Every structure is written in structure tokens, then in C-alpha cells.
2 protein chains.
Amino acid sequence: MAFPRPKPTTMETLAMERANPPFNIRKMSIAMHGSEKALILKEKFMAEIARHPAFKLSDIHDLSKDELRERTMEKFASMVYFVTNESLETFQLRMQLIGIADPSFWTRFGVAYGLFLGALRSGATPNQLSYWTDRGVLGLNGVIGCFAMTELAHGSNVAGLETTATFDRGSDEFVIHTPHLGATKWWIGGAASTATHAAVFAQMIADGKRHGVKTFVTQLRDTKTFTLMPGVTIGDIGKKMGRDGIDNGYIQFTYVRVPRAHMLMKHTQVSRDGVVTEPPLAQLTYGALLGGRTSMVTDSSNSAKKALTVAVRYAAVRRQFATGKNELETQLLDYPIHQRRLMPLVAQAIAIGFTGLRLQVMYEDMTQALDTMEPSDPNLNDILDKLKETHATSAGLKAFCTWACLDTIDKCRQSCGGHGYSAYSNFPLMYADFAVQCTWEGDNTILSLQAGRSLVGAWGAAVKGKKLAPGVAYLNDSSLISAKSDSSLSLSDIQRAWNCVASNVIKKAAEEYVRLLKSGKSKDEAMEKCSQSRFIAAKIHTIGYIFRLFKEAVEEMKDDEESRTLKTVAKLYGLWQIEEQQGYFLKYGYLDAQQMDKVQESVDALCQEVRGVAIPLIDSFALSDHIINSPLGRWDGSVYESYFAQVQAANPLPKEHPYFTRLIKPLLERQDEDMEDPGSAMGLDDELKEIEEERKGE
Amino acid sequence: MAFPRPKPTTMETLAMERANPPFNIRKMSIAMHGSEKALILKEKFMAEIARHPAFKLSDIHDLSKDELRERTMEKFASMVYFVTNESLETFQLRMQLIGIADPSFWTRFGVAYGLFLGALRSGATPNQLSYWTDRGVLGLNGVIGCFAMTELAHGSNVAGLETTATFDRGSDEFVIHTPHLGATKWWIGGAASTATHAAVFAQMIADGKRHGVKTFVTQLRDTKTFTLMPGVTIGDIGKKMGRDGIDNGYIQFTYVRVPRAHMLMKHTQVSRDGVVTEPPLAQLTYGALLGGRTSMVTDSSNSAKKALTVAVRYAAVRRQFATGKNELETQLLDYPIHQRRLMPLVAQAIAIGFTGLRLQVMYEDMTQALDTMEPSDPNLNDILDKLKETHATSAGLKAFCTWACLDTIDKCRQSCGGHGYSAYSNFPLMYADFAVQCTWEGDNTILSLQAGRSLVGAWGAAVKGKKLAPGVAYLNDSSLISAKSDSSLSLSDIQRAWNCVASNVIKKAAEEYVRLLKSGKSKDEAMEKCSQSRFIAAKIHTIGYIFRLFKEAVEEMKDDEESRTLKTVAKLYGLWQIEEQQGYFLKYGYLDAQQMDKVQESVDALCQEVRGVAIPLIDSFALSDHIINSPLGRWDGSVYESYFAQVQAANPLPKEHPYFTRLIKPLLERQDEDMEDPGSAMGLDDELKEIEEERKGE
């Protein structure tokens with residue numbers, strides 16, 4: 001007597017969700033990827049890695065750390081063809097895609113290709129660069145680099161690093177030394193077992209004088225035998241929360257000598273006689289940081305989209321509880337609360353995606369402008385202002401976008417119920433891999449405070465009447481402080497809402513800072529004391545900034561079905577975030593209590609509206625089954641069949657029970673009669689009884 | 001030339017933090033543990049497991065899933081002595097402690113001891129229970145049970161389970177059957193390799209009629225050989241996010257026969273002739289669920305305290321950046337923003353801890369009252385009302401306390417910077433292990449909605465003038481709706497604030513529900529439609545409830561240094577949460593914008609105040625170094641030394657490089673000259689060029 005199976009099947013359900021999409025999925029996908037070219041290349045990369053044995057992903061949850069690391073180097077080897085033969089632009093898109101599929105490998109490759117080579121590019125003189133190029137550094141042959149900055153006791157405070165590089169004039173060498181345990185280089189990706197050289201950050205000392213932290217290219221291992229160089233001690237840092245495919249290590253130097261020429265001397269030079277020439281201006285590093293942060297914003301969007309692809313498809317096919325007279329159980333996605341759980345996150349991931357695209361363009365424009373500009377150019381100051389502002393905003397973006405993505409991954413996991421806890425759902429690995437993004441390249445809280453500091457400065461400049469750079473130009477409009485909603489909740493009303501509230505929270509932070517200064521605090525103390533207000537300022541400014549960039553992107557599009565859908569998505573993002581931060585909108589009077597109720601109603605309605613196009617919208621994220629690597633999010637909806645097949649394939653039962661005879665059999669067959677009463681043996685009983693008596697006596 | 005080491009050492013720093021604590025740590029610890037007896041027993045359990053080889057924790061991050069599972073059964077075997085010989089109360093405290101140290105093992109043991117035995121205790125007739133007791137079920141010998149409820153396609157909806165148990169009158173047996181893939185028993189802890197029997201939940205069918213889900217004790221494996229019983233198919237579910245020490249499996253039954261007497265018949269009976277007798281009243285399961293939720297509230301507090309012990313001690317000894325003219329870098333804990341990151345979480349963990357203690361007492365009182373009460377007792381209805389209300393509130397508590405703890409663990413991880421990402425910090429495992437608490441025993445969102453539904457009901461009853469149970473009695477005070485702050489921000493002002501705002505959000509949900517009903521929606525539809533408001537109602541009510549229980553506990557204490565400190569902690573908790581939920585306090589006018597600024601200032605000041613006693617406060621959580629299992633949180637402050645030693649011990653370097661010759665050497669020595677230009681080989685170039693041309697033409 002078979003129990004009647006519910007109809008339709010999960011596959012049929014997903015097909016129905018795809019029938020008659022109200023917009024063209026391809027066109028939507030192109031808009032989200034910035035260009036058709038970018039989309040086509042992504043599809044090509046996805047096909048390539050889906051077919052490459054080293055990029056197999058379905059078995060990744062059951063590999064040991066050692067197996068993961070070995071596979072990382074297989075992937076590494078498979079990349080050198082492209083790194084040598086592809087254009088930089090194409091290769092960067094390739095790496096962006098690989099970053100979504102396999103963050104562990106992306107990190108190992110990025111350490112060699114991004115950080116180590118980046119250190120050379122930005123720090124080496126032309127002669128030095130050509131020396132290292134001759135040794136094969138650009139093609140990743142001859143030299144495989146790592147980046148030895150962080151130490152056990154110093155992370156954020158780079159200027160406080162304690163490794164020393166002392167100039168020895170006699171031998172024309174620097175002596176690299178780790179003076180104590182806390183100065184051990186720590187977390188160094190690639191150091192444990194795969195790097196030949198390191199860019200070592202150390203306090204440079206010449207003639208007994210300290211000149212601050214410089215970079216020294218230091219050989220770690222013999223390239224023929226891979227044995228450690230004399231004086232170099234290396235250990236494996238071992239298991240991490242995620243990204244176990246990268247071999248992080250520690251390094252201790254015991255009076256290791258490197259030629260003077262191995263200090264990167266584009267900025268500071270040390271002559272044969274030990275004369276130190278400092279650069280005329282502090283090094284301009286805004287550009288480099290900006291590039292990294294831009295890519296982290298994009299990666300936050302992509303990683304969130306990956307998690308959402310799984311959660312939304314699963315919510316479409318998973319049915320639970322029949323409502324009313326329905327025989328068929330209800331799709332999770334049809335529950336208002338489930339729409340509330342996922343649709344705002346979809347909107348946010350899309351908003352951050354468009355922000356990343358526009359940031360990329362701004363970054364490229366600025367880099368080009370700086371590269372082609374003469375120091376005498378009359379626009380130089382404007383461009384530098386803009387760069388500085390974007391740099392500060394990007395600090396906030398890095399923080400709040402990576403937080404948003406991490407939060408999205410875990411909410412997606414929870415939305416899939418128990419199955420989200422299975423490794424094969426891929427959420428656990430996504431979370432574990434992504435979590436480090438909130439810490440590296442600047443702890444998110446500290447970056448937020450930096451952004452807040454800059455906003456306090458911008459407020460001060462605005463008060464003095466200075467025209468501000470575009471990202472904070474709203475601070476020049478003093479009428480915003482007391483603005484009120486026109487009750488339309490239109491995109492421009494929402495934009496004004498964010499500008500109003502951001503102006504107010506920035507003003508609060510700035511006034512707090514000034515008040516603290518007036519009360520006699522030093523600048524540093526005052527900044528620390530107003531941290532909480534600075535943090536809030538950065539948060540609100542950043543959300544408003546993301547909303548603005550998304551809105552601009554959508555408004556620049558032709559008026560078609562795709563842009564109309566995206567306007568709905570933008571509205572959901574803006575209003576949902578108003579709801580999330582409602583305290584500030586009420587506090588500064590942009591919205592009153594009744595309007596806030598309307599906001600909640602609108603968010604409910606928008607969630608329902610976006611739910612109607614949820615599957616086509618997710619499809620336009622264009623992530624292959626191989627990339628999302630989760631049976632719960634299968635494109636064809638065959639959720640249970642794929643999940644069961646993967647669980648079976650990954651967990652063959654052993655021929656013999658590994659510990660039945662040793663552990664379980666004696667348990668099952670034991671007789672407890674001979675055991676002594678534990679009371680007297682434990683010795684605690686009398687003491688506990690006394691306590692009991694005392695208690696009763698009280 | 002050695003770099004001068006900063007003074008004092010990390011160990012000296014922690015010692016200084018402990019000098020002259022403003023309260024007695026032992027007394028504080030007793031208050032937090034509910035009694036001196038509970039604390040002494042905990043210390044005894046901690047000492048025992050620290051010395052027991054099976055409970056070794058320092059190597060746990062580097063064990064494989066199979067090794068973890070085998071060790072689980074070693075621990076299992078070590079428990080049977082205590083389960084047989086200790087009083088229930090003592091054994092429960094033991095398990096509570098072990099739950100903090102080792103959630104994986106706790107789960108496996110809980111499945112056998114809590115769920116399987118619990119199913120027997122609550123569902124078996126006295127005769128059935130004595131039958132199973134004779135077979136060794138109480139002492140966990142002869143029978144090791146698991147709990148086969150969840151299926152692949154059904155979790156939350158237990159009534160929708162699809163496994164069938166069809167009565168065969170001819171043989172006086174039930175036939176247990178899995179009709180299709182979705183009905184496969186899934187996630188069954190202990191099934192994969194360690195259980196002999198299962199309590200199987202299945203749709204009972206007699207004479208072609210379905211009678212709903214009942215429980216059938218079904219043998220899975222032969223107890224002598226451990227081979228599977230005929231018709232039983234079992235597989236391993238494999239890797240999970242955490243708790244890999246428990247062997248979750250799936251089970252498929254193919255017409256498996258069990259004697260009729262193996263259906264648990266305390267409530268529904270099936271006679272020899274197949275006559276089904278339903279119980280006169282629906283089963284009263286409030287009590288059982290309440291016990292589980294109470295223990296999850298306590299576990300949330302304990303797990304949060306474990307993470308905070310690490311983060312706060314680390315923040316005390318970690319120094320980064322020198323401020324002003326100091327040569328010594330500043331302790332993280334002295335930064336206002338770091339105080340903001342951790343001190344509210346400390347307050348929250350303590351608040352939830354006191355809530356758990358009081359909940360436990362309420363639960364025990366209720367159980368006793370129910371056990372000793374006659375059906376004719378005039379107080380029966382009052383007690384049932386109270387039970388029902390506590391049951392609903394406990395649903396919200398389970399949800400918001402487990403969420404709060406999960407959030408605390410990740411915030412603690414982030415507050416430790418990069419080192420928090422190391423497996424040896426123990427945060428990754430704490431997070432991964434704890435994460436499932438938000439899903440099992442009811443998905444948190446769904447439980448919140450249940451709590452919200454009950455609050456909507458309570459509002460309706462209050463409007464009709466009914467006197468409500470204590471937990472929601474504030475709804476009887478209609479003046480709270482329009483209450484205003486007396487600006488004192490005292491504990492009672494804070495309590496009124498929560499009561500006011502909770503009343504308002506519950507009123508909003510209830511009015512929305514009534515409006516939807518009036519517009520023609522069915523009750524079910526109306527409830528679903530007002531989900532978001534129900535969710536908010538549950539959230540605000542729950543926070544206010546936690547605050548109230550904490551406040552009551554503290555106000556009942558003698559007026560001494562300990563209670564004064566705890567009052568400060570309570571104030572921080574209440575005001576910080578007001579800040580977090582400030583929108584509602586502004587919206588409903590309990591506080592205005594200026595008062596809200598005062599709240600922010602007070603929270604800043606309270607964070608600083610609690611920071612002053614942070615280390616003694618953390619010490620009174622009384623968690624041993626073995627339990628916290630994190631070098632970053634060492635009691636003696638030897639953070640770097642312990643961390644380095646553990647990393648070294650866990651990661652001995654291999655004698656030979658496992659893949660240098662195969663993978664790295666060819667990379668280093670390769671010559672790329674022979675590689676062809678990739679363009680023509682890729683075939684995409686022409687297409688991409690066309691796109692580029694088109695783009696330019698636009």
C-alpha cells in the first residue's frame with residue numbers, strides 16, 4: 001500500500017517557475033555582469049573548470065587538509081598557461097570566477113600572483129624588477145612567492161612589526177632576524193610547503209637607526225631540492241576555519257643574510273655606504289588598496305548570489321505543510337515569512353553586484369587619470385580628493401559588504417533547515433571560506449572606523465563650505481538635515497531618506513568629536529571616544545552609497561522589462577534597509593511612525609512581488625551546477641535525487657565495522673552488577689550534603 | 001641587536017587585571033551557577049574529563065570524521081558507570097557540562113539517553129516499559145537506541161511523515177515501509193554505525209485507515225554481530241557543518257515486520273483484532289518540549305560564555321597600536337569600540353544564564369504541580385494556563401537565545417582578528433557545532449512565529465479582560481501602550497520600556513490579524529500574512545522577558561558587591577538592547593530622540609564600567625582551560641606560547657615533501673617558449689571581437 005506521492009515533482013515545480021518569465025533572462029544576466037563579453041567569458045571559464053579534473057568540487061567536503069593542499073598545487077599548475085598567454089583583463093575575470101568556485105585555491109594563487117608580485121611591482125626599482133623578471137617571477141617559474149607581513153603579535157599595526165633587517169656594511173647585506181616569539185611571521189600563505197621566496201616586511205635598521213618597515217625579498221627554499229635555506233625555520237600553521245587548501249605557515253629568521261639589492265628600493269634607498277634616502281612624499285598606496293577592496297565588494301556579491309541560488313531554488317521545490325484545503329503542501333517560497341527571509345537578501349546581493357561594477361569603472365578611470373596626468377595638471381587636486389574619498393568609502397564598503405555576504409550565507413543555510421547543516425549543501429564550506437573576508441585586508445570594525453573618521457573630516461570640510469567629492473557631496477546640502485519624506489517611497493524619496501539620515505549621523509559623530517576636543521582630549525583620544533558614532537556614520541553612509549550606485553545603474557538602463565524589474569529590486573533593497581535601520585529614520589524625523597508602518601507594508605508587498613520572479617532572477621546570476629556545488633540548488637530541481645546520490649557516493653560503508661568489537665560489543669554485553677556504589681568512592685558526597693544542610697538551614 | 005620587548009608580559013597583564021577584584025569571584029560564580037553545589041559538581045566534572053584520555057580536546061581539530069566517531073563511543077562507554085550509579089540530578093548536571101565541552105558526544109549520548117529513552121518513557125505502557133527495561137534499555141546495555149523521526153522530505157511537519165506502519169492482522173505484526181526516496185529516514189543520529197534499535201515514527205494504518213503518526217520500536221541490527229536486520233537499509237549521511245562525532249545516517253525500510261507490541265501504546269492502542277483506540281485527550285507534550293528548550297537556553301548561555309572567556313582574555317592581553325605618547329601598545333580591551341564589541345555580549349550571556357536558571361526552577365515547579373495534582377483541583381486551569389504561556393515563551397527563548405549565542409561566537413571570533421580564524425582558537429568548531437541549535441528542535445523562525453501566534457492570542461484575551469499568566473501579565477496593563485520614560489534609565493524604567501514596546505508590537509500584530517480576518521482571509525491565511533509582525537512581537541517580548549527574569553534574579557540577591565555588579569550588567573543588557581531595537585522605542589514614543597542619545601551615552605559608559613571588572617567577571621564563568629580548549633583564552637595569559645606550542649604539536653612537518661617532485665619542481669623548471677598562442681585555440685576570440693565592435697558602434 002503505497003503512500004500517494006505529491007504531484008508535481010520538484011523538477012516539474014522548478015520548470016513551472018521558469019515558464020513565461022516577465023523579462024529576458026539573458027539580457028538580465030548581461031546587465032548583472034556588466035557586458036555580454038564578461039558573461040560569455042564567465043561561461044567559458046565555468047565550462048573549462050567543470051571539465052578539469054583538478055577542479056572537481058563534489059568530493060571537496062571529504063578531502064583531508066593534506067589532500068586539499070595537494071590539489072591546490074594541481075590547480076596552480078593548470079593556471080600557468082593562462083597567466084602567461086591571456087590578456088590581464090581576461091585573466092582577472094578568470095580569477096574572479098575561480099574565486100567563487102574555489103576560494104582556497106584563489107587565495108594560494110593570489111598570494112603568489114597578487115601579493116608577492118604586487119609587492120615587487122609597487123616596491124621594486126625598474127632594475128630590480130627586471131632582475132626578478134629574468135629569474136622567472138612573472139610567469140611563476142623559477143620563483144614562487146609568498147607575502148610575509150603579519151606576525152604572531154602584530155596584524156593591523158604594520159608599523160609595529162618587530163622582525164628586523166639590519167644593514168651590515170661590511171658584507172653589503174641585510175640581516176633578517178626574528179628577535180622573539182611574538183615577531184614570528186604568522187599566517188603566511190604558501191610558506192608552509194609551497195613557496196621559494198617571500199616578500200618579508202621588516203624594520204630596517206642602518207647605522208643603529210630605525211627607518212621603519214621596508215620589504216626584503218628573501219629566499220626560503222632551495223629551488224632544486226626545496227630544502228630550507230640556512231637560518232630559515234618554517235612550520236605549518238595547520239587547520240583553519242576554512243580555506244584549508246592554502247598552506248599557511250610561520251617563519252622565523254635567525255640572522256638570515258640577503259644582498260642589499262634585495263630590499264625593494266623604489267621608494268626608500270640604502271646606498272652601498274648605508275646612506276638612507278627617504279622618498280620626498282609618503283608613498284601613495286590608495287590605488288593598490290582600492291583595487292583589492294573593489295574585488296572584495298564584487299566577491300561579496302558573487303558569493304552571496306551563490307548561496308542564494310541554492311536557498312531560493314530549494315525554497316521553490318521544498319514543500320512543507322498543506323495550508324487550507326490544499327492536498328499539495330505549500331512551497332516554502334510561498335510563505336510570506338520565507339519571502340521575508342530571502343528576497344531582501346537577493347535584492348542586497350544584486351545591489352552590491354552593481355556597486356562592484358561601478359566601483360570597478362571608477363577605479364579604472366582614476367588609475368588611468370593618475371597614470372596619464374602630469375604633476376602640474378590643474379585638476380590634480382580634484383582627482384586626488386576624489387581618490388581619497390573613494391578610498392575611505394571603499395573601506396566602509398569592504399566592511400559592510402563582506403559582513404552582508406557572511407550573514408547571507410548563514411541565513412541561506414538556516415532557510416534550508418536541517419539539510420543546510422549537511423556539508424553537501426555546501427553552505428558550511430561557503431561560510432567557513434568566506435568568514436576570513438571580514439578580517440583580512442583590514443578588520444571590518446577597524447575599517448569602518450577609518451571610513452567614519454573620513455566622514456567626520458568631510459563634515460568639517462562641508463561646514464567650512466568646501467565642495468566635496470561625489471561620494472559625500474550630499475553633505476554640501478545642509479537642507480537635508482531636516483528633510484522629510486514626501487510619502488511616495490519612490491526611488492528618489494528613498495535616496496533622499498538615506499542622504500538625510502547619513503547627514504544626521506555624520507553630524508552627530510562630528511559634533512561629538514569637536515565636543516571631546518574642546519573638553520581637552522587629544523585628537524586621538526577624541527576619535528577613539530566617538531568610535532560608536534563613527535561606526536554608525538560609516539554604516540549608514542555605506543548603505544546609502546550602495547543604494548545610490550544601484551539606483552544610478554538602473555536608471556541609466558533603457559526602460560525595458562529588465563530595468564523595471566531591477567527598479568523593483570532597488571526599491572526593495574532601499575526600503576528593507578530603512579526598516580532594518582528604522583531607528584535613525586524615526587529619530588531624525590525623515591519618516592514618522594505611520595510612514596514607517598507603510599514601509600513595512602511596502603516591504604511585505606515587494607517581497608511578494610520579487611518572489612514572483614525569484615527563479616528567473618536567480619537564473620540570471622548564471623552560476624553553473626558545478627560552481628554552486630550543492631544538490632539542494634540543482635538547476636533542474638532534482639534536489640532529493642542528487643542529494644541522495646552525492647551522500648551515497650561520498651560515504652561508502654566500510655566492509656568491516658571499525659570499532660564494534662572493541663567498543664560496542666562490550667557495552668551491549670556488559671553486566672553492571674559488580675560495580676561499586678560510586679558515592680563513597682567519589683569523596684564529594686559528605687561535602688555536598690553539608691552544603692545542602694546549610695542551604696536548608698538558611 | 002634585539003628589539004626591545006614590550007613590558008609587561010601577557011601573563012603579567014592578566015595578573016594585573018585580577019588584582020583587587022571589586023567583588024568575590026567565588027560568590028559571583030555561585031550566583032551564576034544557581035548554587036554552591038552545582039558549582040562544586042561542575043568543578044569535579046571538569047577535573048574528571050580533563051584527566052580522561054577519551055575527553056582529550058586539544059587534538060580534536062585534526063581528527064578525521066572517523067576518528068572523531070570512534071572517540072565518541074569511547075566517551076559513551078565511559079558514561080555508563082555514571083548513568084547507572086549517579087542520581088538523575090547529578091547526571092544531568094554532568095551532561096550539561098559535557099555539552100559545553102563536547103557537543104558532538106553530547107548529541108550521540110542524548111539521542112540514546114534523551115530521545116530514544118524519552119520516547120519509551122512518554123509513549124510506552126508500563127508493561128512495555130518493563131519489557132524494554134528487562135532488555136537493558138535503561139542502563140544502555142543490550143539496546144542502544146536512536147530516534148528515527150525526520151525524513152528526507154519532511155522535517156518540521158511531523159504529521160506529514162510518509163513512512164508507513166501497516167497492521168497485518170494475520171501475523172499480528174506491523175509492516176514498516178519506506179514508500180519512496182523522500183520518505184527515507186534522514187539525519188538519524190546513531191543510525192549510521194552505532195545503534196541497535198530505533199524509535200521509528202510512521203503513519204499507522206489499520207484496516208486501510210490512516211491513524212496518524214505513531215512510534216514503533218524497530219530493531220536495526222543484530223546485537224551479537226551488528227549486521228543489519230532483513231529489510232533494513234542503512235547509509236552514512238557523512239560530513240556535516242559540525243558535530244562530526246555523531247554518526248548520522250539514513251534508514252530505508254522495505255516491508256520490515258515488528259510485533260504489534262512494539263508500537264508504543266500508552267496513548268493510542270491497537271488490539272489483536274486491529275481495533276484502534278484513540279486517547280480521550282490529545283497528548284500533553286508541553287512538558288517534554290519545555291524541558292528541552294530550558295536546557296537549550298542554558299546551553300546558549302554556557303556556549304556564549306565559553307566563547308567570551310576566550311575573546312575577553314585575549315582582548316586583555318593583546319596589545320595593538322600605541323596611543324598618544326605611550327611606548328606600550330594599548331590593550332584591545334581599552335579601546336571603546338572593543339568594549340562595545342564584547343561587553344554587551346558578556347551582559348547578554350549572563351542575562352540568558354540567569355534566565356535559564358529561573359526557567360529550570362519554573363519547569364520543575366510546574367512538573368511537580370502537574371504530577372501531584374488531581375484532575376478536580378480548582379487550580380488546574382491556572383496551572384495549565386501558566387504552562388501554556390511558558391511553553392509559548394520558551395519557543396521564543398529557544399529561538400532568540402540560540403541566535404544570540406551563535407552571533408556571539410562569531411563576533412568573538414572576529415574580535416580576535418586573524419587568530420580567531422585558526423582552528424586552534426576553537427571558535428570555528430564552536431560555531432560549527434552550535435549552528436545546528438538554530439535549526440533542530442524547531443527552526444528558529446518557525447518557533448518565533450509560534451510564540452508570536454500565542455502573543456496575538458494573549459492580546460485578544462487581555463482585550464476581553466482575562467487575567468493573563470505571569471509571563472504576559474503586562475498585557476493586562478493597558479496604560480503601558482502610551483507610557484513614557486521617566487528619563488531615569490533605572491532598571492524599573494527599562495523594564496517599563498520593554499513592557500510598553502512589547503505591548504505595542506503585540507497590539508500591532510493582533511490588529512493586523514483581526515483586520516485580515518475581517519477582510520475575508522481564513523485564520524491560517526491571516527496568521528501567515530501577519531508573519532512579519534508576529535515575528536517582531538516574539539522578538540521584543542522575548543528580550544523583555546529575559547531582562548525581567550535577570551532583573552528579578554538580581555533584585556532577589558542580598559545587597560552586596562556581587563549583586564551591585566550584576567545590576568550594572570543588567571542595566572547594560574537592557575539599555576544595549578534598547579539601542580539595538582531603538583526603532584520601536586522611538587516609534588511608540590517611550591523614548592524621544594534626546595533620550596535615545598542618552599541611552600547611547602549610558603551604554604558607552606556602562607561598557608567602560610563593565611570592562612573594569614571584565615576579567616573577574618569572566619573568571620566567575622568557571623570554565624577550565626580544558627573546556628575552553630583555546631590557547632587564546634588561557635587562564636594564565638600565556639597566549640602566544642600556548643598557541644605556538646599547540647600549532648607545533650598538531651602539525652609536525654613530514655619527513656619528505658608529499659608533492660614537490662610531482663607538482664612544484666616541474667613548475668619551477670619549466671620553459672614556456674614552446675606553448676602556442678592561446679587565441680586561435682580558444683575559438684572564442686572572433687565572437688568576443690564582434691561583441692566589442694558592436695559595443696563601440698552603439
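For all residues, glycine too, the Cβ spot is worked out from N, Cα and C.
Annotated in TrEMBL:
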type: ACT_SITE; residues: A:E441; note: active site, proton acceptor
type: BINDING; residues: A:T150, A:G189; note: FAD binding site
type: DOMAIN; residues: A:24-134; note: domain 'Acyl-coenzyme A oxidase N-terminal'
type: DOMAIN; residues: A:146-254; note: domain 'Acyl-CoA oxidase/dehydrogenase middle'
type: DOMAIN; residues: A:286-456; note: domain 'Acyl-CoA oxidase C-alpha1'
type: DOMAIN; residues: A:491-668; note: domain 'Acyl-CoA oxidase C-terminal'
type: REGION; residues: A:671-698; note: region 'Disordered'
Filtered recorded positions - A:T150, A:G189, A:E441 - keeping only those with Cβ under 8 Å from chain B: A:T150
Spatial separation of A:E441 (active site, proton acceptor) from A:G189 (FAD binding site) - C-alpha basis, Å: 14
Cβ-Cβ neighbours of A:G189 (FAD binding site) (radius 10 Å): 25
Cα separation, A:E441 (active site, proton acceptor) to A:T150 (FAD binding site) (Å, whole number): 11
Same-chain residues at least 6 apart in sequence whose Cβ lies under 8 Å from the residue listed as 'active site, proton acceptor': A:L289, A:G292, A:R293, A:M296, A:K398
DSSP-derived class (H/G/I helix, E/B strand, else coil) of A:G189 (FAD binding site): strand
Summary of DSSP states over the domain 'Acyl-CoA oxidase/dehydrogenase middle' (A:146-254), given as helix, strand and coil counts: 6 helix, 55 strand, 48 coil
Mean per-residue pLDDT computed across the domain 'Acyl-CoA oxidase C-alpha1' (A:286-456): 92
Cβ neighbour count (within 10 Å, all chains shown) around A:T150 (FAD binding site): 23
Collapsed DSSP category at A:E441 (active site, proton acceptor): coil
Three-state composition of the domain 'Acyl-coenzyme A oxidase N-terminal' (A:24-134), taking helix and strand from DSSP: 96 helix, 0 strand, 15 coil
